[in-house]
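So the structure is just underneath, and the comments pick up after that.
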Amino acid sequence: MESPQLHCILNSNNVACSFAVGAGFLAFLSCLAFLVLDTQETHIADTRFKIAFQLLDLILAALWAVVWFVGFSFLANQWQHSPPKEFLLGSSSAQAAIAFTFFSILVWASPQPSPSPDLPSPSQPSHHFLPTDIPGLPGIPGPPK
């Protein structure tokens, strides 16, 4: 049963509100899954699995860019067809949701940064920084030589 108090502000279309919430929730879950997989990447020895993982990451990023583009188009269309004075509260929330979907397109479609060659990778031990490595800073006194 629908509540007489709760209405989707986007042209009273519950599908529009459900789509926005559902897409955001699923994108959040996929980000969490890849965050966990990224933390375990250094422990994966099989190069075929690493390549498959990177390919899946690329495919999902492209898929989410398309989903957010469709979402932006759908939400903007529903907002355009909404009666202007039917809802006094919530219009800024609808505009924020539309802006979020637009900027999500840019984020998901942007090229992912690659690690800088100057930074050491976690799998390769690097030179450990010591306070004595700072020029002009006196070293830690040790036993006399």
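Note: Cβ is positioned from N, Cα and C throughout, glycine not excepted.
Taken from TrEMBL, the feature domain 'MARVEL' covers 1-120. For 20-39, 51-75, 87-109, the entry in TrEMBL reads transmembrane segment. The region 'Disordered' annotation in TrEMBL covers 111-145. As annotated by TrEMBL, compositional bias 'Pro residues' applies to 112-123.
Through the fold, the transmembrane segment (20-39) approaches residues 53, 57, 60, 64, 67-68, 71, 75, 97, 100-101, 104 of its own chain, all at least 6 residues removed from its boundaries and within a Cβ separation under 8 Å. If one looks beyond the transmembrane segment (87-109) by at least 6 residues along the same chain, the residues whose Cβ comes under 8 Å of a Cβ in the stretch are 7, 9-10, 20, 24, 27, 61-62, 64-65, 68-69, 71-72, 75-76, 79. For the transmembrane segment (51-75), the list of distant contacts is 10, 16, 19-20, 23, 27, 30, 34, 37, 41, 44, 94, 97-98, 101-102, 104-105, 108-109, 112: same-chain residues at least six beyond its ends, Cβ to Cβ under 8 Å. Sorting the domain 'MARVEL' (1-120) by DSSP state (H, G, I as helix; E, B as strand; all else coil) yields 82 helix, 0 strand, 38 coil.
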